[in-house]
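Engineer: These came from TrEMBL, pasted as-is:
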type: TRANSMEM; residues: 90-110; note: transmembrane segment
type: TRANSMEM; residues: 116-136; note: transmembrane segment
type: TRANSMEM; residues: 148-169; note: transmembrane segment
type: TRANSMEM; residues: 175-196; note: transmembrane segment
type: TRANSMEM; residues: 217-237; note: transmembrane segment
type: TRANSMEM; residues: 249-269; note: transmembrane segment
type: TRANSMEM; residues: 330-348; note: transmembrane segment
type: TRANSMEM; residues: 378-399; note: transmembrane segment
type: TRANSMEM; residues: 411-429; note: transmembrane segment
type: TRANSMEM; residues: 679-701; note: transmembrane segment
type: TRANSMEM; residues: 707-729; note: transmembrane segment
Amino acid sequence: MTEEIFSYNSLAAVPTAYRSQMLEERESKEPAMNLFQKNEFKETPFLPVSPEEVPPRPPSFPKKPSPKICGSNYPLSIVFIVVNEFCERFSYYGMKAVLTLYFLYFLHWSEDTSTSVYHAFTSLCYFTPILGAAIADSWLGKFKTIIYLSLVYVLGHVIKSMGALPILGGQMLHTVLSMVGLSLIALGTGGIKPCVAAFGGDQFEEKHAEERTRYFSVFYLSINAGSLISTFVTPMLRGDVQCFGKDCYALAFGVPGLLMVIALVVFAMGSKIYRKPPPEGNIVTQVVRCIWFAISNRFKNRSADIPKREHWLDWAAEKYPRQLIMDVKALTRVLFLYIPLPMFWALLDQQGSRWTLQATRMNGNLGFFVLQPDQMQVLNPFLVLIFIPLFDLVIYPLVSKCGINFTSLRKMAVGMILACLAFAVAATVEIKINEMAPPQPDSQEIFLQVLNLADNEVKVTVLGDENNSLLAESVKSFQKMPHYSKLHLKTKSQNFHFQLKYHNLSVYTEHSVEEKKWYTLIIREDGKSISSMMVKDEENKTTNGMTAMRFVNTLHEEINISLGTDTSLGVEADYGVSAYRTVQRGEYSAVPCRTKNEDFSLNLGLLDFGAAYLFVITNSTGQGPQAWKMEYIPANKMSIAWQLPQYVLVTAGEVMFSVTGLEFSYSQAPSSMKSVLQAAWLLTVAVGNIIVLIVAQFSSLVQWAEFILFSCLLLVVCLIFSIMGHYYVPIKLEDIQGSADKQIPQIQGNMINLETKKTKL
């Protein structure tokens with residue numbers, strides 16, 4: 001969450017210092033060079049040379065007094081803004097917390113595709129703030145931009161929730177609605193991101209700077225409170241509530257959508273008391289234009305007769321003020337250090353994708369509480385709130401007392417190393433999970449177990465040269481097999497012949513199987529003889545940490561089993577085998593069942609994380625129907641608590657990297673460039689998510705190897721960043737202003753010989 005800490009610092013519109021400096025420069029020149037009147041300079045953010053390029057500047061908004069909170073210096077309007085931010089962050093992070101599992105288990109995408117789309121959405125959310133800032137600063141103003149894009153935001157939530165309704169169309173319609181909804185959400189959340197906090201800062205008068213600083217602390221607290229609560233609550237709405245017999249993704253998306261509606265309504269309620277500054281021009285656009293003009297001007301004037309200039313940005317001096325050029329020079333020095341940063345975000349943002357998928361294969365029972373796989377993400381905002389004061393008040397002062405010069409760049413490098421270690425730990429956990437998981441059949445192999453439902457033991461022999469010794473002992477009645485037996489095939493599909501010895505009878509049967517599958521051979525009584533049927537089992541671990549089950553009905557009546565408020569499972573009579581159903585982990589001591597003639601309940605006992613069970617319904621004791629239980633895929637053995645070390649490491653790395661990085665950036669660039677730095681910082685997050693998208697889509701590595709790959713890549717990037725930081729010479733911002741008058745000394749004498757587009761000299 002720390003990538004948002006300083007989004008509220010992008011408050012400066014277009015600095016008036018540049019306008020005043022242009023005025024001073026023009027006044028000092030010859031009268032023939034003065035194409036404009038003095039009052040025109042006061043209306044121009046960066047004065048172009050040609051009159052047609054001078055953008056009009058709207059008048060300043062009236063400094064009317066705003067209502068205060070309980071007689072303090074805090075404007076009443078910030079209450080609406082803080083509540084709006086809390087609800088919006090609840091909306092965004094709540095929806096995002098369940099997004100990966102929605103792709104995987106509702107849309108039935110692969111893990112790689114789910115990860116790719118998740119990070120594509122995250123990347124888009126960090127590209128769109130550039131668009132939102134441009135709209136607010138150059139066209140609509142912050143207030144209207146927030147209102148209009150919040151409406152787009154709400155519409156995206158509505159469409160996204162509709163895409164999670166199972167009764168609404170098929171998978172294609174669900175996919176289309178989901179993609180349209182996510183695109184609108186990305187436009188909405190990204191578009192208002194740079195506006196809301198800055199709009200709150202606009203509510204304060206300049207003399208109340210201290211109160212404005214405290215407001216930003218409360219604003220950041222609302223961000224983390226919204227993300228913390230929503231990341232914990234929405235997975236519960238998904239898993240603990242059943243909709244149409246499945247996880248209620250529609251509710252998990254609908255509640256965040258409702259919070260966004262509340263955010264919009266609350267924000268609009270304060271409309272009459274807001275101070276609404278008009279758009280004043282976008283500094284990012286001015287910086288880009290300055291850089292582009294310098295490059296194009298240098299390209300047009302390649303002649304050897306034209307003297308070279310000290311810096312390539314000096315070629316913008318014909319159109320832009322010296323102070324702006326000096327500020328952009330300082331900015332580019334910082335942006336150069338941003339080049340390696342996306343790799344850190346590539347690791348950090350996998351908490352909601354790869355790490356959540358890892359949690360689905362772990363046991364969430366902590367003894368005192370049962371965690372859903374997607375609830376582990378709540379650790380990040382929780383630990384951020386703990387680590388920021390811990391590092392500032394304890395760790396950094398202790399390091400300083402030890403005589404270690406812990407500079408900002410060194411802190412960022414250490415943060416990268418901690419993220420590397422976090423992914424190394426994640427790889428170790430992944431290896432342990434794979435060791436505890438049941439083995440998978442390879443090519444030309446199947447896994448087979450025998451379930452004997454007859455009243456006496458049965459000797460099973462697989463006829464053939466390779467497999468005749470697999471089942472050496474007889475299978476007793478209702479014997480729980482300890483494991484599957486591996487059978488080898490000669491082709492991808494094959495017919496197996498079995499000999500069943502029951503009492504003095506020998507029964508021969510034939511069944512067809514396919515490679516890489518799991519099967520159960522069910523033996524049942526058939527009068528005085530026996531017969532068999534081959535049933536295909538679950539091939540992999542069950543989904544998102546839930547429990548899978550199926551039933552075999554030995555009664556002579558069809559049974560309807562209620563596994564939840566909306567879930568009913570029918571099992572045909574006379575050894576009918578049901579389809580698989582998944583339920584939440586828990587104790588199922590009285591499951592309602594119904595036949596044509598009676599109602600009864602079954603005690604299924606504890607159904608644990610990730611396990612798959614087979615229940616045989618019998619009535620052999622005369623005490624009513626009962627369920628005989630067999631676990632054929634074991635429950636997840638590794639506790640989800642083993643993810644705690646990797647979350648601690650990556651969050652500590654995030655605090656050292658993100659907070660320190662932005663503080664360092666702002667200390668090395670002029671205050672006028674803060675909004676440009678924020679834009680560049682958000683772009684590094686977007687590029688980092690694109691890196692994950694590419695690796696997930698085109699890498700064929702197993703998961704633990706992919707974790708190691710990311711860890712090694714960040715380690716290499718950390719080395720490069722350390723070398724760059726070693727040769728970086730920190731500057732003092734007051735030196736920028738002081739050196740502006742000493743730069744570009746030879747420009748004025750050569751201006752007449754330069755070819756500049758749309759420039760009058």
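Placement of Cβ uses the backbone N, Cα and C atoms for every residue, glycine included.
All annotation found in TrEMBL is predicted automatically rather than curated by experts.
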Engineer: So what's near the transmembrane segment (217-237) in sequence-distant terms, Cβ-Cβ under 8 Å and 6+ beyond its ends?
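Structural biologist: Cβ under 8 Å, 6 or more out: 1, 4-5, 8, 81-83, 85-95, 97-98, 197, 200, 248, 251-252, 255-256, 259, 372-375, 377-378, 380-382, 384-385.
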Engineer: May I ask whether the transmembrane segment (679-701) has at least three C-beta pairs under 8 Å with the transmembrane segment (90-110), counting pairs 6 or more apart in sequence?
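Structural biologist: No; fewer than 3 Cβ pairs under 8 Å.
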Engineer: Cβ pairs under 8 Å only, please: of the recorded stretches 249-269, 411-429, 707-729, which one is richest in them relative to the transmembrane segment (330-348)?
Structural biologist: 707-729
Engineer: Please give the sequence-distant neighbours of the transmembrane segment (378-399): residues at least 6 beyond its ends with Cβ less than 8 Å from one of its Cβ atoms.
Structural biologist: 1-2, 93, 224, 227-228, 231-232, 351, 406, 644, 647-648, 650-652, 654-656, 659
